[in-house]
Structures are given as C-alpha cells and as structure tokens.
Amino acid sequence: MQIFVKTLTGKTITLEVEGSDNIENVKAKIQDKEGIPPDQQRLIFAGKQLEDGRTLSDYNIQKESTLHLVLRLRGGMQIFVKTLTGKTITLEVEGSDNIENVKAKIQDKEGIPPDQQRLIFAGKQLEDGRTLSDYNIQKESTLHLVLRLRGGMQIFVKTLTGKTITLEVEGSDNIENVKAKIQDKEGIPPDQQRLIFAGKQLEDGRTLSDYNIQKESTLHLVLRLRGGMQIFVKTLTGKTITLEVEGSDNIENVKAKIQDKEGIPPDQQRLIFAGKQLEDGRTLSDYNIQKESTLHLVLRLRGGMQIFVKTLTGKTITLEVECSDNIENVKAKIQDKEGIPPDQQRLIFAGKQLEDGRTLSDYNIQKESTLHLVLRLRGGN
C-alpha cells in the first residue's frame with residue numbers, strides 16, 4: 001500500500017509500505033527519500049505521536065492515509081548564517097556544538113573549507129574551540145560569514161572572448177599554480193595558456209608577488225596553439241572535426257587526436273589529403289599541410305565489410321565485421337549497440353539459425369548481407 005507523509009512546509013511524500021512495517025521502518029524510508037535522520041522525525045497520525053516499535057496496523061493506518069511529519073531538533077534550534085553576497089543559510093544546531101562543528105555544517109551545505117571561514121556574531125570573531133552557548137547564541141540568531149582567503153586575495157583573469165574568471169590565490173602562488181587553477185575552472189591545458197599582466201608575459205616559475213600582482217588585479221589570458229595551427233577533418237557523413245596540431249605532429253598523432261574526439265580507433269582511420277593517403281610515420285609538414293587545411297577521413301573496415309541485422313520491429317542495425325568473426329562475436333556487437341544479451345538473440349540467415357561457434361565465412365555471409373534477429377525469451381527456448 002501507499003501512504004502519504006505531509007511536512008510542515010506543505011510538501012507531500014509518497015511511501016510504499018506494508019501494514020506490518022513499524023514506525024522505525026517508515027522513518028528509514030523517509031530518510032532514504034528526504035535525507036532527514038530518523039532521530040529528528042516525529043510522526044503524527046489522528047493527533048497522536050507514533051512510537052518507533054509499533055506498526056502501522058497498530059495505529060489503524062490504511063492505504064492512502066496521511067501522516068504528518070514534524071522535525072525534532074535534537075538540541076532544539078535553528079540558526080542562520082548570512083554571507084557577504086546576502087545569501088542566508090539555515091543550520092540545525094545544538095547549543096553544545098562548537099564553532100568547528102558549525103563550520104563543518106557550512107562546508108557540507110556550501111562546500112567552503114572551514115579554514116576559509118570566519119564567523120562573526122555581535123561584532124566578535126568566533127573561535128573554533130568555543131561552543132554556541134559560550135557566545136550566548138540562541139535559536140534563530142544570525143551569524144555572519146566572511147571568507148578568509150589564505151594568502152588573502154582574489155584576482156581576475158580576462159579571456160579574449162571577454163569572459164572574466166575569478167580565482168582565489170596567494171601572493172606566493174607561482175604562475176604554474178595559477179594556470180592549474182584556470183585549467184580546473186575552464187579545462188584549458190596549462191601549455192596552451194599565456195598570461196599577460198601590465199603588458200608582460202608571465203613565466204611559469206615566477207610568483208604573483210614577483211610581478212607585483214595584488215588583490216583584484218586583472219590578468220589577460222591568450223590561448224597559445226602549441227604549433228600554432230588548426231586543421232579540419234571531414235568525414236564521409238559530412239561532419240567536420242577541428243583539431244589543434246603542430247606541423248611536426250605525425251599522422252599517428254593526428255589519428256590519436258581523432259580517436260580522443262570521436263572514439264574511432266586509429267587502425268580504422270584512413271586520412272586523405274590532396275588525393276593522397278597519409279602514412280602514419282610521416283608528419284603534417286612532410287605533406288605540406290598548413291593551418292586550416294582540410295583532411296578527409298575514410299573508415300577502413302579491418303576485415304573489410306559491413307553487414308545488416310534486421311529485427312522483428314523492422315529496425316535495421318549496421319555492424320562492422322570481419323569474415324573470421326564468429327556468431328558469438330556478432331551477438332556481442334549487437335549487445336553493444338542495442339543492449340540485448342547474447343543469450344536472448346537468435347540470428348537467422350538464408351532460413352538457417354546460426355550457431356555461436358561458427359564464423360560468418362562458414363555461412364557464406366558476405367558484405368552487405370542481411371541477418372534476421374529473433375528474440376529468444378529467457379523462459380523459452
């Protein structure tokens with residue numbers, strides 16, 4: 001049966017239960033759905049508070065009954081924490097909680113490490129080892145949260161697109177660290193970043209202090225294409241892929257980049273430029289491939305063929321196979337594409353059911369042949 005649980009905020013939760021479930025079980029289900037620990041839950045039905053050891057049947061709770069959920073604060077209070085941005089966070093606390101605990105709760109909610117938090121109440125900065133009671137902080141008191149930057153500063157990084165990134169840094173951070181922070185935020189590899197301040201390009205080994213970069217300074221980020229060029233790769237489907245390359249990259253590297261972007265294994269790639277197939281060991285420069293050149297990508301099927309698999313719903317699946325593939329391999333490829341377990345697949349060709357241990361060649365299955373897929377229901381044969 002289903003029952004409903006209504007909270008003080010007016011939200012209604014639906015639970016699947018049995019009459020024999022005890023109240024403890026019901027609280028565990030509420031915890032699963034809402035994350036509220038059982039010891040903070042009070043459940044009320046027909047004006048009565050329900051006891052953990054009793055069952056729903058004991059209280060004559062039937063399908064589609066509505067329980068009311070009231071939160072029991074263990075130490076009995078809520079407090080508020082206001083940030084400099086004006087956001088207010090609500091915390092459930094006890095008078096005996098120390099300031100360290102409170103900072104940990106703020107970290108849980110907001111992700112701000114405790115060592116970057118300063119909490120202020122009644123104009124005083126609160127010390128970690130003291131408790132809320134020590135400072136006479138009572139229910140619904142408001143604390144103020146100020147961020148302590150360890151080295152004490154924020155700087156800005158402006159990109160060529162006009163976007164501004166804010167970073168938390170210390171004067172002692174070196175430029176390499178700053179580039180790593182930019183990579184964390186924006187995903188740009190450090191070796192593609194050039195940082196400019198006051199007209200100077202910043203060197204990795206130097207620190208922000210070395211360049212007299214102070215709080216709220218703005219750096220400019222310019223992207224460095226390592227070898228300095230972009231090329232395009234056009235597929236037979238008409239899709240164009242953009243790659244960042246260097247003239248000294250060999251064709252093998254280029255195929256690896258295509259694999260990273262598109263997932264196509266290098267041994268299935270043939271690259272064509274100016275009518276010539278490019279060889280793995282040669283470089284882009286060898287072929288006079290320059291910035292914004294377009295290569296053409298043709299897929300090489302290793303065993304050299306495509307076959308089709310038609311399902312009872314009329315859907316046709318295309319598979320890349322080799323004549324030497326056995327039927328088991330083919331079923332595994334169908335599983336990869338369609339999620340159908342091999343043991344539920346029966347494959348038919350030319351009126352014959354294909355056996356797992358045999359190969360496509362055994363059945364004279366050639367390129368562009370069509371197999372038929374019939375589902376075998378596990379209970380059947």
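Just so it is clear, glycine is given a Cβ too, placed from its N, Cα and C backbone atoms.
According to Swiss-Prot:
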type: CROSSLNK; residues: Lys48; note: ubiquitin cross-link
type: DOMAIN; residues: 1-76; note: domain 'Ubiquitin-like 1'
type: DOMAIN; residues: 77-152; note: domain 'Ubiquitin-like 2'
type: DOMAIN; residues: 153-228; note: domain 'Ubiquitin-like 3'
type: DOMAIN; residues: 229-304; note: domain 'Ubiquitin-like 4'
type: DOMAIN; residues: 305-380; note: domain 'Ubiquitin-like 5'
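The average pLDDT computed over the domain 'Ubiquitin-like 2' (77-152) stands at 83.
DSSP assignment over the domain 'Ubiquitin-like 2' (77-152) gives 18 helix, 28 strand, 30 coil.
Within the domain 'Ubiquitin-like 5' (305-380), the DSSP-based counts of helix, strand and coil residues read 18 helix, 28 strand, 30 coil.
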